[in-house]
């Protein structure tokens, strides 16, 4: 089998810039630092960061968010749902660096098949969404783990979102992938995965783990029997 990466386009990639704006992380870091200071001065058992929902009694240390190496452009903690489909990227978000703490990064998306330039098409069609209801996932060891949905920090509930990309259709055209010579090749589109750091539960403790999410749509080829180049 031969794998071909589908032509990248705005709706199948991580939001423009391949990273959450620095302003968002700066604001997040400021809030976490504030939560840490309050946690140190609060009575025992009254820490300001805890898991919401079914595991609301489990405490999460705000220091978990301080390490830059744990950040991923496909994982976002936000107090508001990211836009499902934004017309354009908000220039003020990156240009001025004045994004409010609970704003999310906006990126250009389209519900129809994208065309970069006239006559150019993607081999496979993909769709990208922010997933905010993930409860379980497969970690890098192949084990199913619990994913934390919400974290309460300083009385603000931050939800954990994942930017996932998957194939819209395994066969965008009758013969399989778009633009493939069906006389010599069998083809189909398939969703591929990668691993990102996500906040999960490890026993009764919150911990970062690599979990698998959908991140791309690629074309898989196999040569038809009896055909030679």
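Cβ coordinates are placed from backbone N, Cα and C, and glycine is handled just like the others.
A quick note: this is a predicted structure, and the numbers were derived from the prediction, not measured.
So that you can see what the record holds, here are the features copied from Swiss-Prot:
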type	residues	note
BINDING	161, 197	1-acyl-sn-glycero-3-phospho-(1D-myo-inositol) binding site
BINDING	197	1-acyl-sn-glycero-3-phospho-L-serine binding site
DISULFID	124-189	disulfide bond
DISULFID	167-217	disulfide bond
DISULFID	177-219	disulfide bond
CARBOHYD	57	N-linked glycosylation site
CARBOHYD	102	N-linked glycosylation site
CARBOHYD	154	N-linked glycosylation site
REGION	77-112	region 'Disordered'
SIGNAL	1-6	signal peptide
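Local packing around the Cβ, expressed as the count of other Cβ atoms within 10 angstroms, is greatest for 124 among the recorded positions 124, 154, 161, 189, 197. Cβ neighbour counts within 10 Å, taken over all protein chains shown, single out 217 as the most crowded of the disulfide-bonded residues 167, 217. Using CA atoms as reference points, the recorded positions 154, 177, 189, 197 were checked against residue 217 (disulfide bond), and the closest is 189.
Ranked by CA distance from residue 197 (1-acyl-sn-glycero-3-phospho-(1D-myo-inositol) binding site), the disulfide-bonded residues 124, 167, 177, 189, 219 have 167 at the top as the closest.
Within 10 Å of residue 167 (disulfide bond), judged by CA to CA distance, lie the following recorded positions from the set 124, 154, 161, 177, 189: 124, 189. Note: the Cα of residue 219 (disulfide bond) and the Cα of residue 189 (disulfide bond) are spaced 4 Å from each other. Of the recorded residues, residue 154 (N-linked glycosylation site) and residue 161 (1-acyl-sn-glycero-3-phospho-(1D-myo-inositol) binding site) place their C-alpha atoms 19 Å from one another.
Straight-line distance linking the Cα atoms of residue 124 (disulfide bond) and residue 177 (disulfide bond), rounded to a whole number, equals 6 Å.
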